[in-house]
Amino acid sequence: MQFSGSNRRKLLKVASDRRDQYPLSLQFYLQPPTENISLMEFESLAVDRLKLLKVIENLGVSYVKGSKEYNSKLESELRALKFPYKAFLDEDYDARRKDHISHFILRLAYCQTEELRRWFIQQEMDLFRYRFCQLNEQLIEKFLESVHLEYEAIPNSEKQSVSELLRNSTSGLGGVKVEECVFYKLSARSLPVVQSDERLQPLLSHLSHAYVGPDYSTEKNTGKISLEQIDALSIKSFPPCMRQLHKALRDNHHLRHGGRMQYGLFLKGIGLTLEQALQFWKSEFIRGKVDADKFDKGYAYSIRHNYGKEGKRTDYTPFSCMKIIMSNPPGQGDYHGCPFRHSDPELLKQKLQSYQISPTGISQILDLVKGMHYQLACQKYFELTHDVNEIGFSLNHPNQYFAESQQLLGNIRREQRQPESSQPKHSSQKGDNTVSASSSLNTTEEMELEELEGYFAED
């Protein structure tokens, strides 16, 4: 194939413009993206960055930030998700574009509450720090010039006077020596405010508790869990949120609607059939204050609805960790939610003691809870109760916890576990403008569940 001189110059200009737009794999995200993208790409970019930030959170707790092992694992994840991982790489435009756009998408999604903002900023800071530390002094100066920052290196004399502040600012970086580092003094600058299109608001709202793994709607072991096994399974293979609900149901012979939804869908996901579920809930409720006739006329409908046999006949999926953590917090008399997120620390400590967790283990879990690493606290609970040093996966779903526990205990074969998909799940409707959030519940499904919750919220 041959090109004329004019066409060759145009191609070179396009290539040059692309390089100028993202000269480094490090940026302050000063200008929001202005190009048009499809909703499908919008969601895909957001999901990949969310997966990356979850990994960063996990690595930051499991390894010393900036250590060789930390950097190696983070670089591997950046490569796998096709984000920039070096300061200069040829033909790196697509990765840098993805980095730029996905940052702004999640900025919109995570600006909605103070808790979400703190989590997002912390992970982005850690990502920025990793990339910044890949630069040598010459590239650092080039980066600071490229973002038009007024800066100057702090001289040793001044560094000594603020050494304590500098030491505190690098306390999480594994024994960095202030005397051996170069610090820069920068002028403050505000970041741009980004507004979202109202058409994107449902997607952005769901991204804040998005889940991108298996949805556990169809399990190969459906019907293989007997009712007689549930008590034993609740102790050895249920995550604390479901163990708490099971105990409350056995003690009180009743759960309010939020608990029935969270626990009922979990039981469905681990293999309980509709017939077993009706028998399980009915036998427990009639031991309380609900007679058989009232159960059949009221409560049985919502159970059949969860299994797609009533209403719009949607095959509802179990709640993910982020769904449980970020929505429908428990109130007085409720037992649903995440114990690590919604329990008083002292009550949580007592509960962990009753589960025979060692004092050292309890201290480790409470430290993670204090840092708002609720899913990592659950991972630590898994390690302590299964006597493993490192579980080797990121825990994002109660049914994932159950499946991993059963596989570790030798009760299910490895091939029965659902592989995690990196692709978001889309709704069955056609058209580029119809996209669901990549969570364990898509947008339409979650709205239907909320309608059902309102209908049955009498108890």
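Keep in mind that glycine also has a Cβ here, set from the backbone N, Cα and C atoms.
Summarising the annotation, TrEMBL assigns [4Fe-4S] cluster binding site to CYS241, CYS321, CYS338, CYS378. Long-range Cβ proximity for CYS378 ([4Fe-4S] cluster binding site), meaning a same-chain Cβ under 8 A and a gap of 6 or more residues, is found for PRO239, PRO240, CYS321, CYS338, PHE340, LEU395, TYR401.
TrEMBL lists 445-459 with the feature compositional bias 'Acidic residues'.
The domain 'DNA primase large subunit C-terminal' annotation in TrEMBL covers 233-402.
Sequence annotations record features per position, and here TrEMBL assigns region 'Disordered' to 414-459.
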Taking only same-chain residues 6+ apart in sequence, whose CB is under 8 Å from that of CYS241 ([4Fe-4S] cluster binding site), what do you get? GLN262, ILE324, HIS336, GLY337, CYS338, PRO339, PRO398
List, in sequence order, the residues of the same chain other than CYS241, CYS321, CYS338, CYS378 whose Cβ lies within 8 Å of the centroid of the Cβ atoms of the recorded [4Fe-4S] cluster site. PRO239, PRO240, ILE324, ILE325, PRO339, PHE340, ARG341, TYR374, GLN375, PRO398
